[in-house]
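Novice: What Swiss-Prot records for this protein is below:
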- His140, His144, Tyr161, Asp343: divalent metal cation binding site (BINDING)
- Tyr161, Val162, Ser163, Gly164, Gly165, Asp193, Gly208, Glu212, Asn314: substrate binding site (BINDING)
Amino acid sequence: MVNLNKVQPRSGGDHYLALGIEGSANKLGVGILKHPMLSQHKQGSLSHDCQAEILSNIRDTYITPPGEGFLPRDTARHHRNWVVRLVRRALVEAGIEDPRLLDVICFTKGPGMGAPLHSVVVAARTMSMLWDVPLVAVNHCIGHIEMGREITKAENPVVLYVSGGNTQVIAYSENRYRIFGETLDIAIGNCLDRFARTLKIPNDPSPGYNIEQLAKQCKNKDRLVELPYTVKGMDLSMSGILAHIDSLAKDLFRRNTKNYKLFDRETGKQLVTVEDLCYSLQEHLFAMLVEITERAMAHVNSNQVLIVGGVGCNVRLQQMMASMCQSRADGQVHATDERFCIDNGVMIAQAGLLQYRMGDIVKDFSETVVTQRFRTDEVYVSWRD
């Protein structure tokens with residue numbers, strides 16, 4: 001069994017406290033987490049009885065006007081302006097009067113956007129020096145996985161990680177989260193966000209959420225708009241489907257009646273709405289994800305799927321995955337709500353605290369340099385058998 005007590009609580013008590021800061025994209029999150037030191041852990045074993053207690057989970061999102069994305073420099077400015085306020089709120093909500101009682105400060109090292117990541121690491125270094133608390137550098141993707149495992153209690157699932165910057169099918173083996181399949185170009189969240197910009201729909205609370213709401217309003221669900229479907233073995237491509245549906249949307253707005261996918265050849269009557277496009281886009285993208293996830297489940301002989309990442313909040317994706325799992329013996333789908341699917345600080349605290357308890361801490365600030373490219377399978381998962 002894994003010994004999770006290589007480092008004892010700094011307070012000498014029966015629990016560990018971790019503060020996590022996430023800021024790899026347009027969401028800035030600060031969370032505080034407590035791990036109890038149960039009797040079985042004192043003997044060196046790890047089980048799901050080690051229930052993490054979430055003391056605070058604060059988040060603020062940098063939102064741009066409809067039709068616009070977010071630039072790294074502007075996002076970084078947002079994070080710098082808000083990080084102190086969020087940390088203070090998190091400490092108050094957690095009931096921590098003296099931050100020196102924290103065992104560890106965890107921050108996102110990557111992957112993500114360079115400037116926002118740098119804003120977060122500067123804040124983490126500053127707090128570490130002010131309060132004399134050690135640092136742990138966390139892989140953003142590992143944070144999503146470990147938070148999902150903790151909340152859902154999924155034992156050893158195939159993980160579908162779907163977000164604005166990542167699309168991966170992952171399974172655990174020999175102390176690594178192995179990537180079985182992934183996008184060959186853009187991530188699914190990026191595909192949805194860019195189509196939302198084409199439609200000029202609001203970015204509040206998020207473009208993907210607003211596309212989901214439009215898709216629910218589709219009245220022609222028995223008639224999909226034909227779109228590219230690109231699955232290559234265990235990998236998939238979404239740039240072609242985005243280019244095609246962007247072209248359709250522009251023809252719809254221009255009322256290009258020569259596009260017979262959208263308008264009746266004889267009468268010129270509009271056949272397709274924006275809601276139809278959103279619905280068809282979701283159905284095609286999610287079908288591709290379900291296909292490669294099922295293939296991974298068959299390969300590793302698993303009957304569980306854990307969906308993590310911001311797009312994992314999508315109810316339709318969860319429904320389609322559940323439908324696939326029902327056709328497999330004892331198939332199960334695990335997912336969390338928007339508190340934990342969307343980027344947050346507490347997921348960084350969870351993964352970081354597991355690393356800390358295994359003795360993985362930053363020994364020098366040179367180890368805190370952030371990186372925009374940080375693969376999920378680069379991390380040695382010492383806290384699992």
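All positions are counted from 1 along the displayed chain.
Placement of Cβ uses the backbone N, Cα and C atoms for every residue, glycine included.
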Novice: Just the number: how many Å between the Cα atoms of Tyr161 (divalent metal cation binding site) and Gly208 (substrate binding site)?
Specialist: 15
Novice: Which residues, in sequence order, are found in the same chain with Cβ within 8 Å of the centroid defined by the Cβ atoms of His140, His144, Tyr161, Asp343 at the divalent metal cation site, excluding those residues themselves?
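Specialist: After dropping the recorded site residues, what remains is Ser24, Cys141, Gly143, Ile145, Ser163, Asn166, Val308, Gly309, Gly310, Met347.
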Novice: Please report the three-state DSSP label of Tyr161 (divalent metal cation binding site).
Specialist: strand
Novice: Based on Cα distances to Gly208 (substrate binding site), point out the closest of the binding-site residues His140, His144, Asp343.
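Specialist: For Gly208 (substrate binding site), the closest Cα among His140, His144, Asp343 is found at Asp343.
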Novice: I'd like the Cβ neighbour count for Ser163 (substrate binding site), meaning other Cβ atoms within 10 Å of its Cβ, all protein chains included.
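Specialist: Result for Ser163 (substrate binding site): 25 neighbouring Cβ atoms inside 10 Å.
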Novice: Could you check what DSSP calls His140 (divalent metal cation binding site) once collapsed to helix, strand or coil?
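Specialist: Assignment for His140 (divalent metal cation binding site) reads helix.
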Novice: Between the Cα atoms of His140 (divalent metal cation binding site) and Ser163 (substrate binding site), what distance do you get, rounded to the nearest Å?
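Specialist: Per the Cα atoms, His140 (divalent metal cation binding site) and Ser163 (substrate binding site) stand 11 Å apart.
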